[in-house]
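Chemist: Features from TrEMBL:
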| type | residues | note |
| --- | --- | --- |
| DOMAIN | 8-56 | domain 'Myosin N-terminal SH3-like' |
| DOMAIN | 61-689 | domain 'Myosin motor' |
| BINDING | Gly155, Glu156, Ser157, Gly158, Ala159, Gly160, Lys161, Thr162 | ATP binding site |
| REGION | 580-602 | region 'Actin-binding' |
| TRANSMEM | 786-805 | transmembrane segment |
Amino acid sequence: MAASAKVSVGSHVWVEDPDEAWIDGEVEEANTDEITVNCSGKKVVTKVNAVYPKDPEFPELGVDDMTKLAYLHEPGLLLNLKCRYDANEIYTYTGNILIAVNPFKRLPHLYGIDTMKQYKGAPLGELTPHPFAVADSAYRKMINEGVSQAILVSGESGAGKTESTKMLMRFLAYMGGRSESEGRSVEQQVLESNPVLEAFGNAKTVRNNNSRFSSIKEEESRAAIRTYLLERSRVCQVSDPERNYHCFYMLCAAPEQETERYKLGKPSTFRYLNQSNCYEQYYLHYTSSGCNLPVVAAILHLGNIEFAKGEESEASEPKDEKSRFHLKQCDEKALEDSLCKRVMVTRDESITKSLDPDSAALGRDALAKIVYSKLFDWLVTKINNSIGQDPDSKHIIGVLDIYGFESFKTNSFEQFCINLTNEKLQQHFNQHVFKMEQEEYTKEEIDWSYIEFIDNQDILDLIEKKPGGIIALLDEACMFPRSTHDTFAQKLYQTFKDHKRFSKPKLAQTDFTICHYAGDVTYQTELFLDKNKDYVVGEHQALLSSSDCSFVSSLFPPLPEESSKTSKFSSIGSQFKHQLQSLLESLSTTEPHYIRCVKPNNLLKPEIFENNNILQQLRCGGVMEAIRISCAGYPTRKPFNEFLTDSNNDEVDACKKLLAKVDLKGFQIGKTKVFLRAGQMAELDAHRAEVLGRSARIIQRKVLSYQSRKKFLLLQAASTDIQALCRGQVARVLFEKMRIEVACLRIQNQARTYICQKAYKVCALLLVQFRQGCEQKLLESNFTHIMKFYFFLLVWVFMTCNFLFTQSQIRRCLCHRHYVRMKKAAITTQCGWRRRVARRELRNLKMAAKEAGHFKMLRASWKINWKNSRQN
């Protein structure tokens with residue numbers, strides 16, 4: 001899954017984050033090597049090849065099949081799982097692989113009988129993802145094709161593997177159900193055996209109540225349960241806050257009559273149960289498991305035996321001579337000798353050696369572990385016998401509940417074997433996924449010969465190669481009495497110092513690290529040698545095989561005489577390797593189906609989705625490895641109708657033209673799909689975003705131009721209307737003022753005329769009177785004096801008339817000047833309006849002239865072409 005090399009400013013990408021695994025953001029700056037991404041206000045500077053493109057068209061509720069994602073990478077998978085988890089859609093396909101996210105709450109609508117009816121006979125992928133769909137697909141293929149099937153359920157502790165297995169068993173029991181008269185089906189009997197197996201094989205660990213063994217249940221016309229690597233060391237050694245196996249607590253919680261019968265007390269009274277505080281926090285109801293419960297009680301009592309120094313310097317003896325421990329009908333003296341002494345057989349004689357208290361305690365724990373292991377094996381055999389097996393059956397459905405990849409702070413031999421199992425199954429898984437890829441390519445008729453397949457064979461060679469592998473070196477160390485974990489670790493350092501998958505941690509003296517497919521795991525070698533030894537001490541074998549209890553003696557049948565004289569070394573690692581080989585050989589004859597269970601959080605609470613935790617599980621579960629294999633070929637596969645936006649009659653040709661236009665290399669066109677290499681979908685989206693962005697900018701420019709012009713024209717029309725209204729108002733006010741002034745002038749003229757006329761009449765009357773008086777005076781006085789007076793009177797009258805004329809002329813001049821000014825203003829206003837109208841008309845004429853000229857040019861061009869065609 002390579003990151004996209006083409007990143008542009010404004011694009012959305014996924015950036016790695018230590019808290020959330022991956023966060024999305026927008027690219028703000030992009031250089032050749034580095035980019036700056038704005039992630040919700042947080043600025044992140046990172047390498048270009050360290051980011052992944054984000055799908056801009058990601059559906060809100062995700063997709064039910066990861067292969068439908070346009071971008072097949074880690075952040076895309078996480079986002080899809082989270083969207084579906086938030087919607088209570090806990091199942092998702094990755095091709096034919098089902099990913100199940102534990103909801104930590106009941107979802108009864110998903111598992112009822114109605115749901116089983118829906119999935120019965122439905123093709124895989126037609127309905128929403130579900131374990132019932134996987135079980136139905138396996139069942140139908142076994143019936144129709146006559147091929148054995150295997151359903152492999154894996155995941156981290158607490159991811160829900162056992163519950164998923166139960167769901168598969170329920171559906172298979174429903175599919176193969178029979179009437180009551182025919183009795184119970186084998187699937188129902190296997191389901192009923194689960195509580196017993198969980199009681200004796202499950203224990204609380206740091207993470208949850210998980211299986212401390214692995215099993216495969218083979219079903220259909222026959223049924224069998226096979227177990228792998230029971231964690232025997234848990235019987236006598238438990239770390240806080242973990243617990244021992246459930247059956248011990250269930251027995252301590254039994255009714256009073258049973259506890260008195262087996263001389264039991266509270267869990268805190270037994271050393272094998274009080275090594276942690278778990279018994280104070282945990283209570284189980286007593287349930288009859290159908291096995292020999294006195295043996296379980298005997299193991300608890302055995303753990304309470306303590307040893308003190310005996311009379312000899314290196315001897316030991318039990319502190320409590322009246323110990324409550326009694327193994328059903330075993331001799332107490334023989335028990336003490338088997339715990340405190342060892343018989344060394346030489347060629348000439350047998351030597352009895354006393355054990356010191358520490359060695360005796362180790363022998364006691366070894367006895368407890370071997371008894372519990374034999375009891376568990378008997379339990380599985382008993383269940384298989386009660387179910388019944390048909391040796392003539394040809395086809396099976398195997399349901400494998402395998403422990404998940406483990407990496408703790410302290411990793412011992414159990415984690416080493418568990419992770420070896422996961423490496424082997426991961427190789428099988430990789431081969432199956434690659435085979436499915438090949439089938440898809442063949443079906444679509446595309447070339448896949450150049451695709452390289454890389455598996456984890458180098459890790460498997462490192463662990464199990466013989467000679468020279470870690471298990472082989474461990475067996476060699478176990479066979480030498482003087483070997484210790486220090487010498488074993490030094491041998492590993494010397495042998496694998498140049499191996500790329502092996503390393504020595506700094507400051508560690510006996511630890512070693514293996515680079516597994518899911519990550520690096522550091523193992524502590526302190527207990528590797530002890531846990532790898534699998535032999536029964538001769539004294540223990542003799543003690544238990546001679547028991548008067550037929551059940552106990554049947555667990556330890558007498559060994560042949562030649563082998564009873566010496567303790568023959570047997571390796572747990574080698575046995576487990578052979579078991580794995582047998583398991584893989586069985587799986588190779590079946591068609592596998594995969595269910596990967598995922599734990600969303602370590603708090604075991606609902607509605608909490610921890611990205612980092614889930615991402616690590618996807619890597620450990622091989623989902624990322626499957627995607628890596630897919631990305632080695634063509635991770636993006638789009639049907640033609642989804643790849644092309646517009647329908648086209650010739651879809652293949654249209655796809656080729658489209659991909660050739662963007663200059664993509666390495667793609668292939670199948671019969672119904674387009675196959676793109678890793679990163680090519682991002683390139684297509686980048687080209688698409690570039691074209692759409694350019695088109696969007698052009699459209700935006702046109703729209704903004706249109707909107708701006710429309711707004712301008714509206715503003716212009718509005719301003720013109722406002723100006724017209726304002727000018728009209730001003731003109732009306734001015735006209736009213738002028739009308740008033742004219743009226744005033746007229747009134748003034750009339751008033752002056754009236755005054756002048758009145759004065760004239762008075763003067764005329766006075767003149768008449770004066771003339772009459774003068775005529776009378778002349779008659780009475782001297783004529784000379786009368787003429788002088790008359791002359792002065794005429795001068796006065798003339799001057800008065802001249803003054804009135806001057807005033808009228810001045811008023812006329814002022815009125816004429818005002819009239820000229822108003823006329824000039826009116827002419828100026830008229831000129832401005834006519835100029836505006838003329839400009840508008842001129843613009844229209846120019847546009848018409850251009851159009852006319854264009855038409856003339858077209859017409860002339862047409863005439864020329866027509867003449868040329870006529871001449872030709």
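Quick reminder: no glycine exception, Cβ is built from N, Cα and C everywhere.
TrEMBL does not curate its annotations; it predicts them automatically.
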Chemist: May I ask for the residues of the chain that lie six or more residues beyond the region 'Actin-binding' (580-602) and have a Cβ under 8 Å from a Cβ within it?
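Modeler: Contacts of the region 'Actin-binding' (580-602) (Cβ under 8 Å, skipping residues fewer than 6 from its ends): 81, 85, 96-104, 131, 134, 137-138, 141, 147-161, 164, 168, 207, 216, 226, 228, 396, 398, 400, 404, 420-421, 424-425, 428-429, 432, 608-610, 613-614, 617-618, 621-623.
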Chemist: By a 10 A CB contact count over all chains shown, which of the binding-site residues listed here is most packed: Gly155, Gly158, Gly160?
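Modeler: Comparing the binding-site residues Gly155, Gly158, Gly160, the most crowded Cβ belongs to Gly155.
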Chemist: Across all the protein chains here, work out how many other Cβ atoms are within 10 Å of the Cβ of Lys161 (ATP binding site).
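Modeler: For Lys161 (ATP binding site), the 10 Å Cβ neighbour count is 27.
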Chemist: Translate the DSSP assignment of Lys161 (ATP binding site) into the three-state scheme.
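Modeler: Once the DSSP labels are grouped into three classes, Lys161 (ATP binding site) ends up as helix.
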Chemist: Measure from the Cβ of Glu156 (ATP binding site) and count the other Cβ atoms within 10 Å, all protein chains considered.
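Modeler: Cβ-Cβ neighbours of Glu156 (ATP binding site) within 10 Å number 27.
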Chemist: What are the DSSP helix/strand/coil residue counts across the region 'Actin-binding' (580-602)?
Modeler: 9 helix, 8 strand, 6 coil
Chemist: Which three-state DSSP class does Gly155 (ATP binding site) fall into?
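Modeler: Strand, per DSSP.
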Chemist: Which of Ala159, Thr162 has the fewest nearby Cβ atoms, counting only those within 10 Å, among these binding-site residues?
Modeler: Thr162
